[in-house]
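Have a look at the structure below before the remarks.
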């Protein structure tokens, strides 16, 4: 996934395109929506 950063955060997350939310299988517990069609998911998946 591409790196992204939500407003107010210092660390980077994973950007997913064309998802209504974050995929379930990566352990994400936070997110913010970026421009239409992309979402930034935290924490970054290793």
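Using the three backbone atoms N, Cα and C, a Cβ is placed for every residue, glycine included.
Secondary structure at residue 4 (disulfide bond), as computed by DSSP, is strand. Cβ neighbour count for residue 4 (disulfide bond): 19 (other Cβ atoms within 10 Å of its Cβ, all protein chains included). Summarising the annotation, Swiss-Prot assigns disulfide bond to 4-40 (among others) and lists similarity to another entry as the type of evidence.
In the shown protein chains, 15 other C-beta atoms lie within 10 A of the C-beta of residue 32 (disulfide bond). The annotation disulfide bond is assigned in Swiss-Prot to 6-32 (among others).
For 22-41 (among others), the entry in Swiss-Prot reads disulfide bond, with the evidence type similarity to another entry. All protein chains shown were included, and the count of other CB atoms within 10 Å of the CB of residue 22 (disulfide bond) stands at 21.
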Cβ distance under 8 Å to residue 40 (disulfide bond), same chain, sequence separation 6 or more: which residues?
4, 5, 6, 13, 14, 15, 16, 31, 32, 33, 34
Disulfide-bonded residues listed as 6, 41, least Cβ neighbours within 10 Å:
6
